[in-house]
């Protein structure tokens, strides 16, 4: 039994006593032969854990593991015995099997005399507490060298954490003693002392050793008796040692990690390489040990301490492999040479080693990396590099752990946060914050909006947006269309009628629910900042969440906005709020600001549609799309001069703008642009009936003299400017008829009466066409035009022809398309003639605009007066031949308008009192952006609201008004104010100031209360298009325009005079 235990702790000892030289030779041979034999005999199942100690093939029985534990515990107890007679039981709990194997060479163990081993009785060892070993000072370690016997006894007791009772057997103290080769053993054990302390867990240190360790010892003894020593010799390889080091941890860690480590250990390739390294290391280290013994000792001593705990974190056996191979080779040389100089060299190194381990304790809890990955990294390093690498790599496991909880996401987030499309020399791929094929993050869109909002220069904003779009084209071309719609704050073509329909109150409620704030605070902050978007951003940034929601993507946000717009029904509002809440919760940084603004209907970043078109053109020019992903050309304008580059881009932008004018549908243009490029757009995108155009608009003039000066000698014509609603009538080849407004809204269901007339008034030659007309309210029997206010009383959607009360007459004045041919490039004279040749005029239903082709000033003046008498707004003056094309979506100087409110002597100004104001938004944030005006009623002695006003002010005017009126704010309106809840202002004022205001005309209003009941029962009068002129400091509020004056001004309007006679006749026959 004694012999079996000795051999168990000394795997290289044979059954017979041999000489020193023979033992060394046998050890070398075993190291070379055993790996091949042992690999196939070690099934993965047996090597997984120590519970299989009973099997003869179990890795727990392997001498490598046993010897490693014996040697490491041996060195630990050396320190303990030098300070106190250590208790082997507690020492066993803290010992590391790995370190023992590395530090004890076979030769050293064989030379140790049994007497030396028996010097320290087991009882003395049992009395040593755990703390004694941890507190062992460097001096104690030095003295411990002389106590080789006691140290060897304790080391042998630590066969493994599985066999603690073997400590009590005196026969187990046959481990190497005071021989020269024993010194390095003790030194190496001290080096790795901190590591052993870290690896021992409380669960292993006490109760389990009494039961489980004894069984392991007995089983190993049986194995020794059966002659399994040779199979255990490969334990000297670094790989086997790493396996032993993992033993005490395997019980505490995840089984998956344990299995991964064991599977790596079973790899025969890895084991063979390790053994070769060990043998070669022994041969090469021999001359080095003779010439430079101290450096050879230094590297192994420093390394274990530097990597203490760190190698364990990584779960990597390689650092230990390098250490072990070096140490074993060095010890073998020691045993042959018996050098006393090396003993003295080890002492100062032990001192240095003892001071290092404390720093590494804190890293015990860091997770471990896979073993093989680290092994490959460090396999080619020398000893010193291994030491440095182990120190440098210690924080890396922490990095991996952090990334497990989202560190890598955080890095990506930081990259997106720093995205700057306005930087100079922007690269579409390198400077983008997403990768090829990935969805465009909405944060990139928000960052682009931020840069545009901060910059006032239009050209710079065009460049910024084009840079962003270049990245989209290069990396994610399928997201180009959603990104463009987000920049325009639209959900699709205007004629599709997709509107969000989210009011400010609903938005505030959604923000409050999403951020957990009180609705009252949201409202108060919104009034203070003047921008609900900023409130949403600040509210979201102050909110903390337990789990980070998925990041918003541009296409995803666009899809959610479309879903909101399509929802209808009684429960739709709650569903919309839920979607909005989901968007706000996932917002980062400025995303909430622009989502709130998008939902509110205005981005307020100063980005007009023409700027967006210019940006698209510039992006496509510089980074032309293609089938390659990403495109091969990143900057097509590289090498051009600044002027050439500018003119080239402007030329391409004009192609896009003209194409968009004829086909204002991004859904149709963008796919063709990506597939065929910008040069081929006109071939594929043409004017198409069913897709509304943006109409041509006219410039206002101050008088007839300006008209004559503008057109000079060019022929022009004058037409009535009808006071109605612009109507673009599309007749399709299949016979369908659509009516669109000037804003491209589909009004087909609003005018079923017009639809029914078209087949009757068009000639058979007309297969398809597009007409530009004005829908005007009129009385066909009286042949009179009614004011625009009458037209507004019609139902806006889904009108039933049988329920129509306000009849409409269509006044056609232009034709843009006829039978498959676009006429926009034709002169106006030709278009007008084609119009008259293609349709039949019907009184009160379909009429051609009244015109006069004369250029005499007097005749024009008379014609203007006649237009006003005929209840029109004034005249439209147009060129006939020269520069007479139809300029889609342009306010052209080739069309001029003469309106009555622009001429002197027509209309009158009103003096009105300011009684309320609305807080400004956007550029007017911090001051008042609009005001509520009222007239004074002398009979009732009250102020009656007449209009809201927000135009005609300069920035100085607004500042002046704010500074004056803020001192006259009252909490509630005066009892003598007559107003409607629909016009309630943010601040009420005392009536202290009178303003002079001009307007286009006056109209009947159900909301405003001026002249209430004087013109129409239960209705008042309001101003259309009021403009601020000046402050009337010479008038008191009571001297302002009164209700009777307002009613009189309304009656004096020419078109009202025309309708008043009709109304009297109707009243007469009523």
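Just so it is clear, glycine is given a Cβ too, placed from its N, Cα and C backbone atoms.
According to Swiss-Prot, the features are:
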type     : residues : note
BINDING  : 774      : Mg(2+) 1 binding site
BINDING  : 873      : Mg(2+) 2 binding site
COMPBIAS : 15-49    : compositional bias 'Basic and acidic residues'
COMPBIAS : 91-148   : compositional bias 'Basic and acidic residues'
COMPBIAS : 151-167  : compositional bias 'Polar residues'
COMPBIAS : 184-195  : compositional bias 'Basic residues'
COMPBIAS : 207-216  : compositional bias 'Basic and acidic residues'
COMPBIAS : 273-289  : compositional bias 'Basic and acidic residues'
COMPBIAS : 291-301  : compositional bias 'Polar residues'
COMPBIAS : 323-356  : compositional bias 'Basic and acidic residues'
COMPBIAS : 372-386  : compositional bias 'Basic and acidic residues'
REGION   : 1-403    : region 'Disordered'
REGION   : 602-611  : region 'Interaction with target DNA'
SITE     : 458      : site 'Interaction with target DNA'
SITE     : 743      : site 'Interaction with target DNA'
SITE     : 923      : site 'Interaction with target DNA'
SITE     : 948      : site 'Interaction with target DNA'
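What Swiss-Prot annotates, mapped onto the structure for a quick look.
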residue	record	Cβ neighbours (10 Å)
458	site 'Interaction with target DNA'	15
743	site 'Interaction with target DNA'	12
774	Mg(2+) 1 binding site	21
873	Mg(2+) 2 binding site	22
923	site 'Interaction with target DNA'	13
948	site 'Interaction with target DNA'	19
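Sequence-distant neighbours of the region 'Interaction with target DNA' (602-611) (same chain, 6+ residues past either end, Cβ-Cβ under 8 Å): 449, 452-453, 456, 458, 461-462, 465, 487-489, 531, 594, 657, 921-922.
DSSP states for the region 'Interaction with target DNA' (602-611), grouped as helix (H, G, I), strand (E, B) and coil, give 3 helix, 0 strand, 7 coil. Put simply, of the recorded sites 458, 743, 923, the one whose Cα is nearest the Cα of residue 774 (Mg(2+) 1 binding site) is 743.
For the pair residue 743 (site 'Interaction with target DNA') and residue 948 (site 'Interaction with target DNA'), the C-alpha distance works out to 23 angstrom. In this structure, residue 458 (site 'Interaction with target DNA') is part of a helix by DSSP.
Nearest neighbour of residue 458 (site 'Interaction with target DNA') by Cα distance, taken over the recorded positions 873, 923, 948: 923. Secondary structure at residue 923 (site 'Interaction with target DNA'), as computed by DSSP, is helix. In this structure, the CA atom of residue 923 (site 'Interaction with target DNA') is 19 Å away from the CA atom of residue 948 (site 'Interaction with target DNA').
Mean pLDDT for the region 'Interaction with target DNA' (602-611) in the predicted structure: 83. Between the alpha carbons (Cα) of residue 948 (site 'Interaction with target DNA') and the residue listed as 'Mg(2+) 2 binding site' lies a span of roughly 22 Å.
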